[in-house]
Each structure stands twice: as structure tokens, then as C-alpha cells.
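Written out below as C-alpha cells is the structure these notes cover.
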């Protein structure tokens, strides 16, 4: 549990905010120097997501998606804008959202809202989103704040909408990264938080073809 590794919650959040302020607004910056894995990541995410957009009567709509911890819009640009009519972005770092407006190019016109906010304080508009995409950011929330955020996301879904979490998974327990002020949880801890938020797990998949030295990365589809 994060309560065992985070001593000062306020400092946990403020330190992360300070860390991201000094990161360059580039794809490499967003991926901690692993910009070269972006295509592998996005191609797998597309396949994972499209199975829900193609299903029969319960298929997920393609009107509107929300990109959480969006940064400069790496996922918005390459995954969400090609599949959804409009996209909203939320990120804690103002400079990243400012950069997104040029990085996204012409298609960026279809980004409806740029919300500058930490996810612990963010509430998606109820019944608004077909897909809420949460990638490489859950480690910046405490267990309690993550469960509460997921509950708010559940209320933000349209009929047949889904939440996707894609993130690093620890081998065991919860590991604190003091550099960027984040935690990495093991699979069972994440599944437990998902259940506590009243969500069902529709699919779970491990990302393949990533460098050996980084954490295992898993995707979860939830409703």
C-alpha cells in the first residue's frame, strides 16, 4: 500500500509537480529517455483498444476520449485523435499542454479541452467519454486518490464506455521512486484498487517487445 512508502502526501504531490516542470516537452521527455519505444507502445495500444470499438451491440463509441496525464499529447496525437471525433486532455504541467497546441498540428483542432490539473483533483464531466485513457500516471496518485479518481472516471463514461489503464507493474509490493516522486505497484495491488472502485476487468494484457531493463507494462480495460 502507498501509505507504507509515502511519508508526506503533500510533499509526494508537490515533488512530482516540480520534477515534471523541468522535463523537456518532447516525446523523449514524456517517456523518460525511452522515446524509441513510442511506436511499439502505440501500436499495441491501438490493437488493444480496437477490439472494444469493433464489437457488436455493446461496442464502445468513438465520439469522445479523455487522455489523462496527457503531457504534450503523444497518445492523443497518435492513438486517440485518429479514432475519436474529439479528445480532451488533462495534465498537471502547464508547459506540456501549451506545447501540445503546436505538437498536435492541424488535427489538434479536435482537442476540445486542455485541463491543467492533477488527477487527484480532477473530475471528468459525467456521462461524457467513450474512452478514458490513463497511461503511465497512476503512480503519481496514492491508493486512496487512485480509487477515488477511478470512481469519478466510471461516472464520466458514456454507455458502453471503457477506462483503460496502461502502466508499469512491480514484481511485488509497492516501490517508491524518489526521483520523480511516484510509486510502482504490483499487479495484485492494482487489481485490488480497481475492484475497490467498483469496476470490472474486461481485459488485461502485457506489453511485449520492451527493453529488458524496464518494468513490465500492462494494459487493463475496465467498466
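Sequential numbering from 1, following the chain as shown.
Placement of Cβ uses the backbone N, Cα and C atoms for every residue, glycine included.
Here Swiss-Prot flags 69, 74, 91, 92, 93, 119, 120, 135 as S-adenosyl-L-methionine binding site. Annotation source Swiss-Prot lists N-acetylmethionine at 1, citing similarity to another entry. According to Swiss-Prot, the N-acetylthreonine annotation covers 2.
Taking Cα separation as the measure, the residue listed as 'N-acetylthreonine' is nearest to 119 of the binding-site residues 91, 92, 119, 135. Around residue 74 (S-adenosyl-L-methionine binding site), the same-chain residues six or more apart in sequence whose CB sits under 8 Å from its CB are 27, 30, 31, 38, 42, listed in sequence order. Taking the C-alpha positions, the distance from residue 92 (S-adenosyl-L-methionine binding site) to residue 1 (N-acetylmethionine) comes to 24 Å. For the pair formed by the residue listed as 'N-acetylmethionine' and residue 93 (S-adenosyl-L-methionine binding site), distance between Cα atoms is given as 26 Å, rounded to the nearest Å. If you draw a 10 Å sphere around the CB of residue 1 (N-acetylmethionine), it holds 15 other CB atoms from the protein chains shown.
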